[in-house]
């Protein structure tokens with residue numbers, strides 16, 4: 001137990017009819033049954049199953065105890081009286097308790113019964129036929145997992161009690177039987193004839209006592225008359241043979257459905273005198289074969305390897321007879337006297353009643369567990385019966401909530417669970433490695449080419465920037481032109497407009513621009529500068545970058561030279 005968790009026995013806050021924590025270690029107020037079941041062998045009819053008060057096997061909390069069913073393949077019965085009977089009137093009924101199948105469950109129940117408040121109630125005689133009002137809780141046999149909610153409804157006219165079963169929960173219940181954790185089961189019945197069933201404070205089933213139980217509370221208004229009998233002349237035949245039909249003259253009923261295929265020929269290699277099966281030549285008589293007891297030993301038969309094509313007497317195969325028509329029968333026609341399927345007439349149901357308020361059940365004054373189980377160590381704890389859901393919730397927070405904290409704290413990490421799984425399944429290591437390596441490979445395959453591509457793109461841009469005119473003569477000429485431009489800004493601006501106009505006109509015409517001798521010389525100088533890029537000084541590189549700027553430098557220089565030439 002974690003040092004920051006301190007257990008304290010839950011104390012009810014509010015009005016309650018029954019509570020039990022078993023933390024005292026005594027079965028004070030609980031009565032063991034001394035009854036016997038009817039109609040079964042005497043050896044198993046006695047309710048001699050053993051009960052103990054113990055801590056949980058796993059995730060135990062010091063000081064917290066529960067009632068444990070200890071015996072296998074035995075009947076168990078134990079019960080306790082409520083502080084006061086519960087009377088169904090205008091208050092809800094809330095029943096709640098905890099169950100832990102510590103060793104799993106093969107076949108057995110963990111439900112409770114709320115025993116009816118009758119004059120003949122004797123807890124020492126508590127057995128399967130003792131009158132109860134409600135049965136609630138988990139039950140399992142084979143692969144059938146159930147969560148019972150059954151109540152016994154009294155017929156207002158006949159006084160006969162009939163069990164009403166709530167519809168099954170629309171959830172998979174298997175986990176609650178197999179995970180070996182403590183689960184909280186809650187039943188809420190409301191005076192408006194609705195109900196809720198919760199597991200671990202989550203609603204798994206809800207509905208109406210009038211509409212969502214089987215059989216329904218109210219019987220049908222009409223029933224079939226048990227004295228009504230079908231008339232002798234009642235015709236239920238929808239179709240009848242056509243009496244006017246006549247068998248055709250060419251209809252031959254003597255033709256068989258199949259005939260011998262006269263065109264078939266015995267295959268080549270067919271062995272007429274070879275048997276289809278022969279004794280196995282490799283078989284040996286078992287060393288413990290006793291001919292006096294087992295008879296004469298014979299080797300088992302196997303298919304004759306010589307019968308690759310076929311063996312034995314050959315006969316041609318049978319084929320469908322094209323002349324076969326079978327026995328002639330007249331066609332069926334609608335029966336003009338058809339009266340439909342007969343059913344008894346309806347009469348008013350003499351036992352009909354209308355109970356619009358089935359919540360008003362028989363009061364109860366004791367809680368009991370009457371169980372058979374093929375698995376031991378079923379743990380029960382923290383029973384409470386009250387009328388307020390908030391009271392049950394606070395009770396659960398101090399009891400079941402503490403168990404959940406411990407279970408979560410002791411839950412192994414994902415890494416430990418994976419490592420534990422490999423102890424019995426070493427092949428899981430391959431799955432783990434593959435699962436870890438696959439994302440890394442995918443990330444590398446997608447990211448690496450992009451980075452390389454970007455790297456080369458960056459280098460390309462850098463080369464474009466560096467490969468601007470970089471010869472010393474070109475740079476000096478560029479500086480002189482810029483100084484001249486500062487001295488004559490107006491003339492140069494006009495020259496630039498004129499030169500731009502010429503370029504635009506040539507681009508619109510779509511003709512290749514002719515280069516003058518001086519332009520060709522400049523371009524050749526640029527190429528030589530690119531080749532001798534490494535030999536240039538860092539100062540020249542810097543001046544080149546400043547002069548080229550955004551990449552318009554070469555164009556400007558060409559334009560200026562053209563204008564100057566003109």
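The backbone N, Cα and C atoms fix where each Cβ goes, and this holds for glycine too.
Mapped onto DSSP classes, the compositional bias 'Acidic residues' (225-235) shows 0 helix, 0 strand, 11 coil. Annotation comment: TrEMBL describes 225-235 (among others) as compositional bias 'Acidic residues'.
The compositional bias 'Basic and acidic residues' feature in TrEMBL is assigned to 478-504 (among others).
What TrEMBL lists as compositional bias 'Acidic residues' is 505-527 (among others).
Positions annotated as compositional bias 'Basic and acidic residues' by TrEMBL: 528-539 (among others).
Feature annotation from TrEMBL assigns compositional bias 'Basic residues' to 557-566.
Among the features that TrEMBL reports, disulfide bond is placed at 107-141.
Taken from TrEMBL, the feature region 'Disordered' covers 215-268 (among others).
The region 'Disordered' feature in TrEMBL is assigned to 478-566 (among others).
The feature transmembrane segment is assigned by TrEMBL to 427-448.
Helix first, then strand, then coil: DSSP counts for the region 'Disordered' (215-268) stand at 0 helix, 9 strand, 45 coil.
On its own chain, residue 107 (disulfide bond) has 140, 141, 142, 373, 374, 375 as residues at least 6 apart in sequence with a Cβ closer than 8 Å to its own Cβ.
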